[in-house]
Every structure is written in structure tokens, then in C-alpha cells.
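K.L.:
Sharing the record's features from TrEMBL:
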REGION    321-341  region 'Disordered'
REPEAT    37-79  repeat 'WD'
REPEAT    124-166  repeat 'WD'
REPEAT    184-225  repeat 'WD'
REPEAT    273-304  repeat 'WD'
Amino acid sequence: MLSGGSDGVIVLYDLENFSRKPCYTCKAICSVGRSHPDVHRFSVETVQWYPHDTGMFTSSSFDKTLKIWDTNTLQPAEVFHFEGTVYSHHMSPVATKHCLIAVGTKSPKVQLCDLKSGSCSHILQGHRQEVLAVSWSPRHEYILATASADGRVKLWDVRRASGCLTTLDQHNGEKSKASSEAANTAHNGRVNGLCYTNDGLHLLTIGTDDRMRLWNSSTGENTLVNYGKVCNESRKGLKFAISCGCNPEFAFVPYGSTIAVYTIFSGELITMLRGHYNTVDCCVFQPNFQELYSGSKDCNILAWIPALREPIPDDISEKSLSQQHLNPAYEDAWSSSEDEG
């Protein structure tokens with residue numbers, strides 16, 4: 001696993017649990033530390049593996065750079081420089097015909113960096129303020145979603161000269177409900193998080209209006225799922241995650257020092273994951289292990305696993321079903337008793 005910190009350091013972890021214990025600590029394999037000549041000077045905002053193998057990874061930072069790293073040597077193979085803070089970057093997980101990295105910065109222009117040529121010549125213009133989140137569609141390799149502080153979410157086809165396919169409208173075109181000022185906005189505030197569902201058919205967005213919205217990614221329609229108040233005080237990009245292979249599918253959203261778990265299509269708040277001691281900044285879902293990883297200002301990264309229940313014998317009565325216990329390996333091991341330390 002790749003992780004980037006507010007101190008500019010990048011650490012690679014081995015996630016394998018060799019101890020076979022329910023609670024364990026992952027070992028750090030190597031890192032780009034403070035003494036490394038090419039370490040980021042400010043907070044690392046986004047890290048991503050090259051989608052096709054782990055021989056390369058990317059990182060972007062508030063130091064206005066995007067760096068392409070050789071994993072084996074931990075040396076940068078390429079460095080892209082920008083005029084402003086870099087909030088987010090993303091490489092397409094499905095692209096076979098291009099090697100473009102989308103980059104959201106303090107500029108309203110979305111930058112596309114080409115790994116093959118090493119140039120940053122392609123620019124998408126349309127936003128009015130800084131671009132806080134970018135994400136390629138996992139379904140169509142040329143479709144890109146971008147979220148901005150101007151309250152807008154735009155979908156682009158990067159092959160087209162004009163670029164912008166659509167601007168998402170929270171009112172679905174019903175102008176009577178919105179003033180001309182608010183027309184074609186996805187949120188009544190900064191939009192600082194977006195994430196596609198695994199099949200690419202829907203897009204989930206989060207704004208500083210404390211709202212989360214689910215969109216049909218092909219029609220651009222607001223599906224009007226009500227998630228209630230989704231508290232969002234982040235001044236930068238909010239990295240949240242969507243599950244893959246679950247039924248129903250879940251959204252894992254940083255919520256203060258906890259993580260809120262919502263069902264995507266019904267909008268139900270299922271539970272709050274508690275374990276961090278400070279603000280949670282990011283969540284990532286690992287579909288192979290069905291695990292969630294969360295990073296926090298408390299300097300910890302926690303791994304969360306589904307609570308598996310013991311099989312229910314056929315002769316158990318309906319009444320006792322509500323009292324079924326968790327498999328002991330997945331019970332919370334924390335003690336609230338001061339006597340137990």
C-alpha cells in the first residue's frame with residue numbers, strides 16, 4: 001500500500017498478515033523520507049499506483065508538483081511542475097489508448113499530463129475556481145469527471161475539442177427552483193469529493209453544503225437519493241471510497257474523527273466506524289481483501305474488516321437471532337475500563 005503524509009513523506013507498506021492474528025501491525029517496506037533529495041516539500045495530497053503494475057507510482061503535493069516514481073529505485077522518473085497547489089490527480093484504471101494523468105490544481109484549468117511524451121500540453125477549460133477532485137470513469141477511458149470550488153461538477157470527453165460533455169445540475173433542469181446564479185451547480189458550496197461506482201454507471205459527489213449526491217453518469221441526472229446531512233468541513237479535497245463486490249454497495253465517508261458508512265442507492269446511514277483520535281482525511285477500499293483503509297491526522301492508518309457472523313444453526317429460534325454474536329476474531333478488542341489500562 002502507498003501512503004503520503006502531511007510531512008511530504010511517502011511510505012510503502014506490506015499488507016500481508018503473517019501473524020494470522022485479528023489485530024496486527026503492517027510493516028513499512030520502504031519510504032521516501034525527509035532526507036531523500038526528491039522528497040515532497042509540503043503535504044502529499046494524492047498517491048496512486050500505475051494501474052497496470054506496481055513498478056511505478058505517482059504522487060502530488062501542495063509543493064505544486066506531480067512526481068512519477070520508479071518503485072524499485074525510489075527515484076523520480078518524471079516531475080511535472082504547476083503554478084499552484086495540486087489538490088488531486090488520477091490515472092485511468094482502464095485506459096489502453098492513452099497515458100494521461102488528470103490533475104486538479106489551484107487553477108480553474110484542468111491539466112492533462114501525458115506520461116508518454118512527458119508534456120503537460122492538454123488543458124480543459126470551463127471551471128471558474130480551483131479544481132479540488134478529478135476522477136476518470138472506470139467504464140470509458142476518455143471520460144473524466146472534475147469537481148471544483150465553483151460548485152460545479154463537469155464530465156469531459158478528452159478527445160473532443162470543446163471537451164465538456166455536461167455540467168451536472170442538482171435541480172435536473174428545473175430552473176424554477178433555482179436562481180440563475182445557482183443553475184447548473186451540483187452543490188451549493190465547494191465540491192471537494194467525487195467517486196465513481198465500480199461499474200462506472202453512477203457518480204457520487206460531496207460538497208461543503210453538507211450534502212452528498214448520486215448522479216447517473218450517462219444522463220447526468222441527479223438521482224435524488226437523500227443521505228441526510230453529510231458533515232464536510234474539509235478545505236481541500238475529501239478522499240472518500242465506494243465499496244466493490246458488496247451487496248448493497250457502501251460509501252465510506254470521513255466524518256470528523258469517524259467514518260460514516262452509507263448504502264449508496266437507499267441513502268441509509270448504516271454505522272459510524274470509530275477508532276481514530278483525530279480528523280479522518282481519506283478512505284480507500286481494497287476489493288481483493290474486502291478491507292477499508294483510513295488515514296487520519298492522528299498519524300495512524302487503520303485497516304477495517306467486515307464483521308463476519310457465525311453460521312446460524314437450523315434449530316435456532318427467531319427470538320435468539322437478534323442476539324447472535326460476532327465471531328470473536330472480529331470483536332472490538334478495545335477496553336473502556338481504566339483499570340485494564
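Quick reminder: no glycine exception, Cβ is built from N, Cα and C everywhere.
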K.L.:
Summarise the repeat 'WD' (273-304) by DSSP state, stating how many residues are helix, strand and coil.
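P.N.:
Counts, helix then strand then coil: 0 helix, 19 strand, 13 coil.
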K.L.:
Are there residues at least six beyond either end of the repeat 'WD' (124-166) with Cβ under 8 Å to its Cβ atoms? List them, or say none.
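P.N.:
Residues 84-85, 87-98, 100, 102-110, 112, 182, 184-196, 198-201, 203, 205, 207, 215, 217, 220, 236-238 contact the repeat 'WD' (124-166) from elsewhere in the chain.
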K.L.:
May I have the DSSP-based helix, strand and coil counts for the residues of the repeat 'WD' (37-79)?
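P.N.:
DSSP composition of the repeat 'WD' (37-79): 0 helix, 23 strand, 20 coil.
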K.L.:
Provide the three-state DSSP residue tally for the repeat 'WD' (124-166): helix first, then strand, then coil.
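P.N.:
For that range the per-state counts are 0 helix, 21 strand, 22 coil.
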